[in-house]
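Working notes, beginning with the structure itself.
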Amino acid sequence: MEGINKTAKMQFFFRPFSPDPEVQMLIFVVFLMMYLTSLGGNATIAVIVQINHSLHTPMYFFLANLAVLEIFYTSSITPLALANLLSMGKTPVSITGCGTQMFFFVFLGGADCVLLAVMAYDRFIAICHPLRYRLIMSWSLCVELLVGSLVLGFLLSLPLTILIFHLPFCHNDEIYHFYCDMPAVMRLACADTCVHKTALYIISFIVLSIPLSLISISYVFIVVAILQIRSAEGHQQAYSTCSSHILVVLLQYGCTSFIYLSPSSSYSPEMGRVVSVAYTFITPILNPLIYSLRNKELKDALRKALRKF
């Protein structure tokens, strides 16, 4: 009971990126600029899709919801990370606060990965079965697929977060990270974490490998269908529709797989922190840029909106 009480009252601190306050301030400014850029870009996509009736299609419905997910996903990490950068790692986070951040990060990240698979399925239907597209991708199915992505993210996140925070945490309270990431928090436990590492690997495999497999299968059929299109215009339209999605998938799955599917014996806290910057800050910035630059309809809608102002 005494050990449980100590764990419940424990506070965590995040290790600074550098002992130099000036370097920390520079990183703070960079993180803040990336966060604001991410918020602005993703909010713009969500609003543009909402106000343009021509974009009220399943493809843009999923794109707008992906943008909203990215906003919440980044916001679950950034405020605490910025506070710790300013305080040189002296801003404490309670064990409850750490668990809450971990839950929302995994929940939203998992839903993000599943939604990317849903978007690949949408493109598969649009290109391989164009005449039946509106019949298959009904609005009721789109909403069900979106809700299903959120429910899967929730069901994968909750038990894993509860499992990790049932571990006892003793004297070491410094997390070698800028947010409560699972591998970094488990390193602080003063108990055997083999079961927890196995559970993390299995859930990471489910969240990453299964959707990625479905995306890959979808794009095999899509490539075959594109090769059968005779007109150059049809080729270009199909390519522009899918290439942006593939780039986002590679960025998201590549970084997260490196962290969560690498053997625990090869896990490096320093490398984990650096790679995490890529998928928590850089990827949410690139998503709206990639989609807006490679999508003609979205660019046209954005130009029209800017002209009105």
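Keep in mind that glycine also has a Cβ here, set from the backbone N, Cα and C atoms.
Annotated in TrEMBL:
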DOMAIN    41-291  domain 'G-protein coupled receptors family 1 profile'
TRANSMEM  25-48  transmembrane segment
TRANSMEM  60-82  transmembrane segment
TRANSMEM  102-121  transmembrane segment
TRANSMEM  141-167  transmembrane segment
TRANSMEM  201-227  transmembrane segment
TRANSMEM  239-262  transmembrane segment
TRANSMEM  274-293  transmembrane segment
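On the 0 to 100 pLDDT scale, the domain 'G-protein coupled receptors family 1 profile' (41-291) averages 85 in the predicted structure.
Only pairs six or more apart in sequence are counted, and the transmembrane segment (25-48) with the transmembrane segment (274-293) gives three or more Cβ pairs under 8 Å, enough to call it a contact. Touching of the transmembrane segment (60-82) and the transmembrane segment (201-227) is ruled out by the presence of fewer than three CB pairs under 8 A, sequence neighbours closer than 6 excluded.
Long-range contacts of the transmembrane segment (102-121) within the same chain, counting only residues at least 6 positions beyond its ends with a Cβ under 8 Å from a Cβ of the stretch, are 59, 62-63, 65-66, 69-70, 72-73, 76-77, 145-146, 148-150, 152-154, 156-158, 160-161, 164-165, 179-182, 185, 207-208, 211-212, 214-215, 218-219, 245, 248-249, 252-253, 256.
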